[in-house]
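To start, the structure itself, in structure tokens.
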Amino acid sequence: MLASKQICTIRNCRLLAAAGRTNFRFLSTSDDVAVEGEWAGCKRSFMAPLRVAARGADILYNPLYNKGTAFKSGERDRLGFRGLLPSRAMNIHSQKARFLLALRAETSAIKKNIMLEDLHDRNETLYHRVLVDHIEEMAPLIYTPTVGQACLEFGARFRRPRGMYFSEEDRGHMAAMVYNWPHKDVHVIVVTDGSRILGLGDLGANGMGIPIGKLSLYCAAGGIAPHRVLPVVLDAGTDNKELLNDEFYMGTQQPRLQGDRYWNLVDEFMQAVRFRWPNVLVQFEDFSSNVAQTLLDKYRDDHLCFNDDIQGTGATALAGLLSALRARGEKVTSLGDQRIVIAGAGSAGIGIGQVLKQAMMEQGKSEKEATNTFFICDHKGLLGKERCHELNPEQQEFARDEDSGLPLLDVVKKYKPTILLGVTAVGGLFTRELISEMSVNCERPIIFPLSNPTAKAECTAEQAYEWSHGRCIFASGSPFDAVEMDDGRIFSPSQCNNMYVFPGLGLGATVCGATRVTDRMLFVAAEALATFVSEDDLKRGRVFPPITSIREVSHRIAVAVVKEALRENLATRVREKDALDLDSFVAQKMYYPEYVPLVEKTFV
Ligand SMILES: NC(=O)C1=CN([C@@H]2O[C@H](COP(=O)(O)OP(=O)(O)OC[C@H]3O[C@@H](n4cnc5c(N)ncnc54)[C@H](OP(=O)(O)O)[C@@H]3O)[C@@H](O)[C@H]2O)C=CC1
Ligand SMILES: CC(=O)C(=O)O
Ligand SMILES: [Mg+2]
């Protein structure tokens, strides 16, 4: 048995970490210093050099290779840039400390986001190390809520390109264009057309901030190496009048493509990326609801792809609700006995409905019984049969026989739900009256205002706790600080965001070479996430694990996804011996940001 924080070799660390042990320290060969060995099945037993087709200053200006002042003397000679850096060699820890000092001296979140993006552009290893080691502090800066502002100001603040853009002008050239991307082995693409960025509407090409932020999480939280990810904007124009008239807007300044012109653009893009990277996972992100489901249905059977807002959000909400039921002392199998109101019938609302319904059916409910638990509202009120002519097929599945168009508050009054979810992008929609009504009808109402960014949340954590007299179980799309009640009780709200699922789902799907992402993969991802929530978390009113354990969560989700892929005969890259120990198989594939020795390719 290891003593607490025992120092051991990297090889032992890897084995211990793969076995789920975290109470060790290890000696890093790259820095010659002892550092904490946080969860890291990903740490390699042998520091293989990275062969780079570059030399001299080109290495310093390549963010994937650059170590800045951490290049050691021998490397400076070997790679030909002695004299281009100050003499003293630092290590990643001192570099991180210096960066954090500067970052924490800044008070504006958007300026911190810019500092982080500048680091991202200079030194990816250090950037991801900062994220991995300080994910709780950094996630709100590179992701929601700050990424919303970064997208709004994308044009004005543009400095260096990252990712790829495809527009109608590129029709006929996309299969060639993908070869302009300088990395040959892309595993994950996050693509948006910018038509519904968070709850901020159509931001056109300025939506690029979202794929960049999501892919940073893929690397830091999901252990996908940075050279294996590609952020993409499909620039189909914008219907945002402000952007159409903005002299600094950098996207195509035309109204959005419609019909065949739009679908041909998407189709050529999908063919092009599959041509160069046949096994790439494509994550559709923040496509407006009028195309999101069609897009998914068009490609999901033949391509490795998923829609994060529909499927990732559904799985995350399911995990949160299973934990909330546990917190209420109810069986997780009682999901189908709840009355669930979903405010918002777009990608997220219907996606959540679909995943929850599937879970209820897995738990033994009939489809009719499962469907009957839902009351889904859009801005015209309850989805009902009388409104079927104006609903899409997915919404129609949830249309109720009665009370078509009943306003949200009246739905809550009449049907006395036990769960209220918000995915409307309407900040403040959950009023005092609505939350009080929830609390009259239910001892511990589950209230999840999931819209992003913070200003679009249907209510704040403080409001939900205050208006429910501290009885609600709360989780939100963007993070909220802890709330202290007048009676001294302190609640630390959870974040219910698809960031808990997509990195692990993507990791699992890519490491096993899955050929498709299936509904059951989403379901097992949700289960894996839910089982990560401890009794202690629940006692503190938390229904998601702390964000600090996101790499462990992703690892566990990935293992569950690989198992499911094997079960469904969809895994193409798992050898028999790997299948015997999937924990280690996945752990060993996880990228961990640390400096590795560089060696020039031509000399090897
Ligand atoms: N926490 C998380 O992980 C995630 C959060 N989200 C967030 O969810 C939100 C919605 O996303 P998405 O579904 O794609 O967006 P959509 O625009 O597709 O859907 C919004 C839905 O809300 C409805 N709505 C608008 N106003 C009201 C109202 N006053 N009362 C009831 N319903 C209303 C709309 O109805 P109508 O069509 O009639 O206008 C529509 O059905 C965004 O803020 C997004 O950031 C999304 C994905 C993940
Ligand atoms: C979290 C997310 O995917 C969204 O708000 O769109
Ligand atoms: Mg999204």
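Note that Cβ sites are derived from N, Cα and C of the backbone, with glycine treated the same way.
Because TrEMBL annotations are produced automatically, they should be read as predictions rather than curated entries.
A quick note: this is a predicted structure, and the numbers were derived from the prediction, not measured.
Feature list (source: TrEMBL):
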type     : residues               : note
ACT_SITE : TYR143                 : active site, proton donor
ACT_SITE : LYS214                 : active site, proton acceptor
BINDING  : ARG196, ASN452, ASN497 : (S)-malate binding site
BINDING  : GLU285, ASP286, ASP309 : divalent metal cation binding site
DOMAIN   : 310-566                : domain 'Malic enzyme NAD-binding'
Residue pair ARG196 ((S)-malate binding site), ASP286 (divalent metal cation binding site) - Cα distance, angstrom, rounded
5
Listed recorded positions are TYR143, GLU285, ASP286, ASP309; which sit with C-beta under 6 angstroms of ligand 3?
GLU285, ASP286, ASP309
Cα distance, TYR143 (active site, proton donor) to ASN497 ((S)-malate binding site), nearest Å?
11
How long is the line from the C-alpha of GLU285 (divalent metal cation binding site) to the C-alpha of ASN452 ((S)-malate binding site), rounded to the nearest angstrom?
14
Centre the Cβ atoms of GLU285, ASP286, ASP309, go out 8 Å, and tell me which other residues of that chain have a Cβ in range of the divalent metal cation site.
THR192, ARG196, ILE197, ILE210, PHE284, PHE287, ALA292, ASN307, ASP308, SER347
Can you tell me which of these recorded positions sit near ligand 1, meaning the Cβ is under 6 Å from at least one of its atoms: TYR143, ARG196, LYS214, ASP309, ASN452, ASN497?
ARG196, ASP309, ASN452, ASN497
Minimal Cβ count within 10 Å, across the binding-site residues GLU285, ASP286, ASP309, points to ASP286
Neighbouring CB atoms within 10 angstroms of the CB of ASN452 ((S)-malate binding site), all protein chains considered, total 25
Are there recorded positions among TYR143, ASP309, ASN452 that sit within 10 Å of the residue listed as 'active site, proton acceptor', Cα to Cα? If so, list them; otherwise say none.
TYR143
Please report the Cα separation of ASP309 (divalent metal cation binding site) and ASN452 ((S)-malate binding site) in Å, rounded to an integer.
12
